[in-house]
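Student: Okay, handing you the structure first.
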Ligand code: PCA
């Protein structure tokens, strides 16, 4: 039984790769206790795939990971909102606007990862990181919300979501001007995050707030 289920996403938005899945699969190959699963970047298919992976592996920790092109750092997310508002179509051509992830459910869920302790551990591993207070309104937020909604049925299982930057290869191949982080560094950060979440239930009492 894998202690940790970690998911990454398929490429989307015209990108040839998704560093979230590249890093997660690297970590899954390195660690026996991590089950790595790729989720489709599709509103309809992503949550059933996550639920099936959860029921197959029965982990005590679930970490879903997605690409946030343009972000500078590895960013554990603090809050998932019950809203989908897609800026671009998903990989199935669907572009839902202003619909809930789960009707008649709470407006938001907080992560159950100790995000501040995770950020401290990732920085300790010499990878830039900070807490994020928005996972957006696209497939990643949907999966994050759906994960926390699912875990509400499984007390004792903790989980959350992490956004990661583009990889240098993606940025170089397209010529876009954007920050990037190597897939190996991202995998290293995810490992530090998972180890910290497994070992720590109490978060650090330090500020990670933001004015905007
Ligand atoms: N990032 C997108 C969806 C899949 C991914 O890797 C997002 O942030 O919603």
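Just so it is clear, glycine is given a Cβ too, placed from its N, Cα and C backbone atoms.
In TrEMBL, annotation is done automatically, which means it is predicted and not curated.
The active site annotation in TrEMBL covers 77, 140, 163.
Help me understand the surroundings of these features in the structure.
Tutor: Under the DSSP three-state reduction, residue 77 (active site) is assigned to strand. Long-range neighbours of residue 77 (active site) (same chain, six or more residues apart, CB within less than 8 Å of its CB): 111, 115, 132, 133, 134, 135, 144, 160, 161, 162, 163.
Sequence-distant neighbours of residue 140 (active site) (same chain, 6+ apart, CB under 8 A from its CB) are 9, 64, 66, 68, 161, 163. Under the DSSP three-state reduction, residue 140 (active site) is assigned to helix.
Around the Cβ of residue 163 (active site), 24 further Cβ atoms fall within 10 Å across all displayed protein chains. According to DSSP, residue 163 (active site) is assigned to a strand segment.
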